[in-house]
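**Q** First the structure, which I've put down as structure tokens, then a few questions once you've had a look.
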Amino acid sequence: MAPVLSGTLGASSVAALRPCAGRRAPLAASSVAPRFSAAARCARGVRWGAGRTGGRLVKVRCDTAVAEKPAEEEAAEQFEYQAEVSRLMDLIVHSLYSHKEVFLRELVSNASDALDKLRFLGVTDSSLLADGRELEIRIKPDPDAGTITITDTGVGMTKDELKDCLGTIAQSGTSKFLKALKENKDLGADNGLIGQFGVGFYSAFLVAEKIVVSTKSPKSNKQYVWEAVADSSSYVIKEETDPEKMLTRGTQITLFLRDDDKFEFTDPSRIQGLVKNYSQFVSFPIYTWQEKSRTIEVEEEDEEPKEGEEATEAEKKKTKKTISEKYWDWELANETKPIWMRNPKEIEKTEYNEFYKKTFNEFLDPLAHTHFTTEGEVEFRSVLYVPGMAPLSNDEIMNPKTKNIRLYVKRVFISDDFDGELFPRYLSFVKGVVDSNDLPLNVSREILQESRIVRIMRKRLVRKTFDMIEDIAEKDDKEDYKKFWESFGKFIKLGCIEDTGNHKRLAPLLRFHSSKNETEMISLDHLQSAKTAPFLEKLVQKDIEVLYLIEPIDEVAIQNLQTYKEKKFVDISKEDLELGGEDDDNKETKQEYTLLCDWVKQQLGDKVAKVQISKRLSSSPCVLVSGKFGWSANMERLMKAQTLGDTSSLEFMRGRRIFEINPDHPIVKDLNAACKNEPESTEAKRAVELLYETALISSGYTPESPAELGGKIYEMMAIALGGRWGRSDTEEAEASASAEDDSSEGTVTEVIEPSEVRPENDPWKD
């Protein structure tokens with residue numbers, strides 16, 4: 001038996017399980033021991049280990065047992081996996097991954113990297129490309145054989161590279177993978193773990209019971225075959241001798257599918273769909289074997305001659321007819337070029353629009369787009385769009401999981417299932433693609449949440465989105481922003497609530513109706529004063545423009561915004577409103593009506609916290625405002641509408657209401673006279689009650705008893721309108737009689753019998 005080498009790698013290094021022809025292993029040159037070929041190590045029988053490199057301990061093991069075979073014999077050689085690899089294989093085969101399709105993405109990515117590597121090496125060594133073969137990937141499913149074959153014309157592998165790349169794995173990488181699987185076992189399968197620890201190639205065992213890798217390196221004149229089955233602890237390498245199976249260069253991977261997966265993954269349309277979804281923008285052409293149809297013309301002889309008739313061969317007529325013929329051929333699956341990889345100056349607007357419609361299945365052109373590249377500490381490319389209309393489904397509104405952002409790593413699609421990691425919830429309507437070279441090929445939810453790279457990407461994506469929306473707002477044609485606001489205005493208001501850090505970017509995007517623009521919406525930049533309120537009278541007199549906050553979210557958004565350009569928003573539906581300095585007349589008026597305020601408060605009792613002279617009224621007799629820290633009328637109405645509203649908090653927040661009166665109004669002047677001259681007048685007290693309940697409605701509150709309020713209004717109308725327009729005497733008499741009858745019904749009359757009537761001189765009188 002040949003000597004066996006063993007070694008371990010410390011936590012500082014992570015080796016890749018992908019083929020060497022695949023993605024470059026993330027190993028720093030300074031963190032690994034000196035490189036020797038596997039054959040050289042095994043021949044010398046050396047057990048070796050490096051000391052400390054960069055302050056970290058690095059040990060290396062290689063548990064590769066080589067069967068004793070004569071060197072000249074070209075039979076298959078059997079090799080044992082590392083123990084960690086065997087455990088890994090067992091877990092992959094028997095795990096419950098819900099998305100087995102990830103295997104195709106991994107293998108295509110490996111093939112793309114092999115092509116990239118060959119193209120890079122070919123720059124300095126043109127002999128590697130001397131055969132003139134195109135750099136391409138071909139995928140051929142075979143339903144009859146139950147196989148899938150992925151072939152690339154990339155760099156290929158030598159025998160030593162096969163052993164190093166497909167037979168060994170860094171222990172630290174495997175341990176992390178096994179630990180991650182263990183920690184996620186209660187959360188269900190997470191196919192995002194595949195690829196994170198260099199196990200991309202072995203993801204093929206999710207669907208395959210046997211894998212055969214045939215590879216030819218341009219640096220070698222021999223072709224080798226690597227073969228392994230899913231449940232085995234060993235693999236076989238042999239030299240290819242069949243002339244029909246020889247490759248010019250590159251790698252061919254054949255998967256012998258499990259019985260459960262044959263039907264799905266040998267379907268040509270399914271394979272093509274997976275390529276279009278995951279690998280559509282790979283920079284090399286990917287061809288899939290597809291069934292096609294074509295129309296051909298065939299010759300057909302006329303009917304046989306009738307009985308008794310004979311026809312010579314020359315007399316027989318031949319006609320042509322058209323039939324449909326089925327055939328198989330290669331079809332390009334990734335014909336859509338990655339638009340974000342091109343120079344924006346060379347791309348027409350129509351190309352951006354077509355890419356948007358095709359990628360996101362839209363039928364309207366986007367309102368705007370932005371195409372940018374970010375370089376420096378984080379490098380990524382992106383194309384973002386503002387859709388032409390809001391989502392039709394209510395489920396997609398304000399939903400961070402709308403699959404609107406497609407994340408790619410090196411042009412390989414990773415995921416579109418995010419929960420606010422790349423974009424905040426209020427910008428979830430933005431659609432686009434993001435392609436990063438810095439993220440790992442597989443990005444799990446944990447990586448997105450914890451990655452510093454992702455945080456930087458999010459910040460820059462949000463900034464570019466604001467720039468794009470501001471460009472729409474600054475256009476001379478205001479129709480585009482009008483469309484934007486109608487569709488996505490609620491999202492921007494939500495941003496005022498959720499994103500305090502971007503208030504300065506959000507505020508200029510807001511639009512409202514105002515007292516000076518009731519038909520057209522204005523931005524906050526058009527305000528002449530930062531003081532806003534729903535009660536307009538004195539403000540209009542002072543020529544202060546007032547915003548109409550008519551949508552449910554408006555008030556909450558403005559409360560969170562608080563200020564705009566160093567001007568503070570003031571809700572004048574609440575107490576403590578200041579519109580300027582008071583003059584002496586106002587002070588005298590307050591003193592004159594102090595008695596009236598006390599008298600009205602006495603009549604209303606606990607319905608109001610206090611009664612005071614108003615600073616905000618000019619034509620109305622009174623208004624009801626909320627306390628400084630309580631809910632406004634609009635907010636109270638919204639909270640009442642909540643299905644599961646908390647009634648206790650409702651009572652607490654609405655507890656303080658202030659009744660303000662206008663001393664210049666005739667009704668208030670009449671009540672002032674009543675309070676001084678007839679404070680016990682029933683009519684005056686009823687007028688105060690009616691005034692309060694009317695103020696409830698005009699101030700936006702809901703009366704506690706609408707029916708009772710209606711009765712009071714009808715009664716006051718009857719008094720006010722009685723005889724005003726000269727009713728006829730007959731109608732008046734009938735009304736009077738009816739009133740007398742009504743009053744007599746309520747009186748009990750004592751009836752005295754005649755026998756009981758006693759005269760003054762009655763002798764029986766006591």
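Every residue gets a Cβ built from N, Cα and C, even glycine.
From a predicted model like this one, the values you see are computed outputs, not experimental measurements.
So TrEMBL says this about it:
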DOMAIN    99-261  domain 'Histidine kinase/HSP90-like ATPase'
BINDING   Glu106, Asn110, Asp152, Met157, Ser172, Gly173, Gln196, Phe197, Gly198, Val199, Gly200, Phe201, Thr251, Arg445  ATP binding site
REGION    297-317  region 'Disordered'
COMPBIAS  298-312  compositional bias 'Acidic residues'
REGION    725-766  region 'Disordered'
COMPBIAS  731-744  compositional bias 'Acidic residues'
COMPBIAS  755-766  compositional bias 'Basic and acidic residues'
**Q** Count, for each of the binding-site residues Glu106, Asp152, the other C-beta atoms lying within 10 angstroms of its own C-beta, and report the residue with the smallest count.
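**A** Comparing Cβ neighbour counts within 10 Å for the binding-site residues Glu106, Asp152 gives Glu106.
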**Q** So what's the average pLDDT for the domain 'Histidine kinase/HSP90-like ATPase' (99-261)?
**A** 80
**Q** Among all protein chains shown, how many Cβ atoms are found within 10 Å of the Cβ of Gly200 (ATP binding site), not counting that one?
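**A** Summing over all protein chains shown, Gly200 (ATP binding site) has 26 other Cβ atoms within 10 Å.
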**Q** Other than its own, how many Cβ atoms are within 10 Å of the Cβ belonging to Thr251 (ATP binding site)?
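**A** Looking across every protein chain shown, the total is 28.
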